[in-house]
Amino acid sequence: MVDASAIKGKRKKTTSVRLEVKPTELPDAPPIDTKYFTIYLANPLNSGESTTLEVLYVFTHFLEPFPAEIAQSESQLVFYHDTALILSPYHIKQQTTFIKTPSTKVESFIRMEPTNRVGTEIKYGPYEDRPPYSISPIHVHFENNSPFAVVEELVQEIEISHWGNIQVTEHYKLVHAGARHKGVFSRVDYQSRQSSNGASSFRYLLARLPPRVHSVYYRDEIGNISSSHLRTDSLKSELEIEPRYPLFGGWKATFVIGYGLPLQDFLFESSDDKRYLNFTFGCPLIGMVVDKLTIKVGLVE
Amino acid sequence: MSNSSTSDPLKPFKLKTKQQELLIRVSILCLVYILAFITRLFSVLRYESMIHEFDPYFNYRTTLYLTQHGFYDFWNWFDYESWYPLGRIVGGTLYPGLMVTAALIYRLLHFLRFAVHIREVCVLTAPFFASNTTLVAYFFGKEIWDSGGGLVAAILIAVCPGYISRSVAGSYDNEGVAIFALLFTFYLFVKAVNKGSLAWGLASAFGYFYMVSAWGGYVFIINLIPLYVLVLLITGRYSMRLYVAYNCMYILGMLLAMQIRFVGFQHVQSGEHMAAMGVFFLMQVFYFLDWVKHMLSDTKLFQEFLSITVTCAVAAGGIALGVGMASGYISPWTGRFYSLLDPTYAKDHIPIIASVSEHQPTAWSSFMFDFHILLFLFPAGLYFCFKRLSDATIFIVMYGLTSMYFAGVMVRLILVATPAVCLISAIAVSATVKNLTVLLRSKNKVAQIGSTKGTSSAKSSSKASLDQSQPFQKNGAMALLFGAFYLLSRYATHCTWVTSEAYSSPSIVLAARGAHGNRVIFDDYREAYFWLRQNTPPDAKVMSWWDYGYQITAMGNRTVIVDNNTWNNTHIATVGRAMSSYEDEAYEIIRSLDVDYVLVVFGGVTGYSSDDINK
């Protein structure tokens, strides 16, 4: 996922303007395994002018857990593979790369001078005058205990009914995609010494739902799961769910979340007698990677 | 008729007395039907719609299999997921009535385009059949006594805790359907005996077939009905009606019962069913004697002929029985039913039956808990039955006495006694209330001039004479009537309290109050089963104590070593030995059984008392 925006204005008064991004092909590039994107500037840039761009890209399944199997009392360490020199088809006069880790525990990192590490930040650079398509592979081995929750498959069914209700049913296949769990799981240790046990496991999942949601249910194949909380206010609703057991590396859980929404919040009538459904599709669970998403919308006959 | 002279705006809506009575009866029955259903829904409202206990999970799993694979595959199903490595022939070792009933209801609802899940149908099957039982109780009460007695019987059985304990929503077990089938069969048979019609006899045979398909307790029917026929014959109440009814029911019922693979040829081979066959032959002898009496005009010759025939018949029957049992063709009484006649048998010979808590003798507190005021209304009802002896009341007296004896031997059989106790108590209540209200109304009728009701005027003349001898009779009747209604209302309150507190817990989910008064739910069982289902390889084998076997196969979807069927005691003993030995020996045993996972229930953290350590 790539997003780009241009920064306008001076230091205190900065605004960012969204720019268009499209994937492209570069036939005369060296044959390395990359994808290319073109960013279209708002105004054409004349010679001698400069502009500031901010590009955001998000990768999934990028961190490799190493060691691949950990016991309950160990914390999770992952590899982050990257290049110290930014891969670009342009000539770069000066570049610096900052890598921020979630905690100060870094096992190792490959140095490429000048490299410096302060607290949670590793600084690669500044590197001057590198030719286009130059790369320099590095990796960082650090501790990352944030929940590696991956939804392997999500099937979302939205049914619109005559009678003023939208019913949404979501079927999840959740898996912990971090370092696999090996050895025993001791519930006593897990509950008593929480800081050092099961640090990379997760229990709580938060879903953000539209306001005025009703009839929320949270079930799986064998019945209702009673460990959930729903908090609503006028702007949003938050559903905090807890799977039946805390998820450790490699463990799976499947469940179904269903809820109803009032139709008048989402259905609009236009001047030419058509109805428009304005709905945010996708996974309402925040901070979740979804591998395969299927959306079914059932319209009124 | 009395206010036809006045112009009344409500005149078109006023009904005649007969129609008023019909309206009252129908509305009471409708309310009782709804009441019987909703009083069993406590656990669905408190927790969720799920199957309780252990045995119902097996029934649920088989019903699921039936709806998914059809009847032929279900009837010939060999289940390799339980009793590893032996497997279980499910088609031949279960009573299919419950599963087939639930599957039919499911199909019907789907046909009407109600897309319900089979689990909801299973959960609500028992309350639905409890409501149907109240209707049958009404008709049965009407048959034995009168429609007032039927109504009271319906009301009493709708809330009686003895029945609710095994038919609450979620308790998807054979007894939920079986008690309905039992009462229905008895009603049809008594109706057949009263009417002497072949149609009712056929209906009772089909009712018996349904009962055989539903529960192993059908042995009670096949022994009680011959005993009843024998009592009728001995008391000289032989009649053509009885002949038609019993023959039709026995022959057709026996042939139909042999269609169930689990029952097989037991009707001709098992000692428990021999009473029915003996009485059948006795009936033929009685018919023959009746014919001879009709042919002969000489009574003295007939008496001699009678004595010779009877001795010959009894001797022939005894020799046949002896030969059958000696040669082993007729098997003796099985341990399960023999322990009912001799309660000490199970403790010495079959420890696994003696270990089940439901099989212990009943304490008085259980009787009071399950029956409340019906306990002293039962002897009162017996008195009223003896006052008006007929074929039907003799039946209900016999049913009541035999079932009360068995209820005293085993706690679980309070369930079988409940319909009899409710019916007999209903007779007591109905007769008492009727007498009291007649007393109350008699004075009014005397005061009314020109009364047109013939019967009440006859009563009023007799009561008028009584009134003069005891001046406070009307007040006494009023007080007694209030007392009776007060007792009945206390009964209703007690029953609802018992249902709510004692019989509505789905033992798979436990709830407690946390420190702040909030409700804390312990869903540990389902957490473990779901973990097994999601995170173990599909061909993993799980070893646990036999209590949890059904739940593991139904919810965890994994193969188990032993489960609640307890048909192979050696296998269970092996598992028991593995669980209680030192780790080295246990490991050897477990490896020899090819087990991957072991499930142990421990209740130390939450104070749960029925865990494996306790066992």
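Every residue gets a Cβ built from N, Cα and C, even glycine.
For B:26-424, the entry in TrEMBL reads domain 'Oligosaccharyl transferase STT3 N-terminal'.
Taken from TrEMBL, the feature domain 'STT3/PglB/AglB core' applies to B:541-598.
According to TrEMBL, the transmembrane segment annotation covers B:22-42 (among others).
Annotation comment: TrEMBL describes B:89-109 (among others) as transmembrane segment.
Per TrEMBL, the feature transmembrane segment maps to B:121-141 (among others). Residues 29, 32-34, 36-38, 40-41, 44, 49-51, 56, 59-60, 63, 98, 101-102, 105-106, 109, 147, 149-155, 157-158, 163-164, 166-173, 176-177, 179-180, 183-184, 186-187, 190, 419, 422-423, 426-427, 430 of the same chain, all 6+ positions outside the transmembrane segment (B:121-141), place their C-beta atoms under 8 angstroms from a C-beta of that stretch.
For the transmembrane segment (B:147-164), the residues of the chain that approach it from at least six positions outside its boundaries are 25, 28-29, 32, 35-36, 39-40, 130-131, 133-135, 137-141, 179, 369-372, 374, 414-415, 417-419, 421-423, 425-427, 429-431, 433-434, 491-492, 494-496, 498-499, 502-503, judged by C-beta separation under 8 angstroms. Annotation comment: TrEMBL describes B:147-164 (among others) as transmembrane segment.
Here TrEMBL flags B:176-193 (among others) as transmembrane segment.
Remote same-chain partners of the transmembrane segment (B:205-231), defined as residues 6 or more beyond its termini with a Cβ less than 8 Å from a stretch Cβ, comprise 95-98, 100-101, 174-175, 177-178, 181-182, 184-186, 188-189, 242, 246, 248-249, 251-253, 256-257, 259-260, 263, 267, 272-273, 275-276, 278-280, 282-283, 336-337, 394-395, 398-399, 402-403, 406, 416. According to TrEMBL, the transmembrane segment annotation covers B:205-231 (among others).
Residues or ranges marked as transmembrane segment in TrEMBL: B:243-262 (among others).
Tertiary proximity for the transmembrane segment (B:274-293) is limited to same-chain residues at least six positions away from its ends with a CB under 8 Å from its CB atoms, namely 222-223, 225-227, 229-230, 233, 238, 242-243, 246-247, 250-251, 254, 267-268, 302, 305-306, 309-310, 313, 317, 321, 324, 330. Annotation source TrEMBL lists transmembrane segment at B:274-293 (among others).
Positions annotated as transmembrane segment by TrEMBL: B:305-330 (among others). Non-local neighbours of the transmembrane segment (B:305-330) in the same chain are 269-271, 274, 278, 281-282, 285, 288-289, 292, 296; each lies 6+ residues outside the stretch with a CB under 8 Å from one of its CB atoms.
Nonlocal intrachain contacts for the transmembrane segment (B:367-385), taken as residues 6+ away from its ends with a CB within less than 8 angstroms of a stretch CB, comprise 156, 160-162, 165, 393, 396-397, 400, 404, 407, 414, 418, 421-429, 431-432, 487-488, 490-491, 494-495, 498, 502. For B:367-385 (among others), the entry in TrEMBL reads transmembrane segment.
Annotation source TrEMBL lists transmembrane segment at B:392-408 (among others).
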Tally of residues which DSSP labels helix, strand or coil - the domain 'STT3/PglB/AglB core' (B:541-598): 33 helix, 7 strand, 18 coil
Chain residues in Cβ proximity to the transmembrane segment (B:22-42) (below 8 Å; excluding those fewer than six residues from its ends, i.e. six or more beyond): 15, 126-128, 130-131, 133-135, 138, 147, 151, 154-155, 157-159, 164, 167-169, 495-496, 499-500, 504
Mean predicted confidence [pLDDT] for the domain 'Oligosaccharyl transferase STT3 N-terminal' (B:26-424): 89
Chain residues in Cβ proximity to the transmembrane segment (B:243-262) (below 8 Å; excluding those fewer than six residues from its ends, i.e. six or more beyond): 75, 91-96, 189, 192-193, 196-198, 200-202, 204-206, 208-209, 212-213, 218, 222, 225, 229, 268, 276, 279-280, 283, 286-287
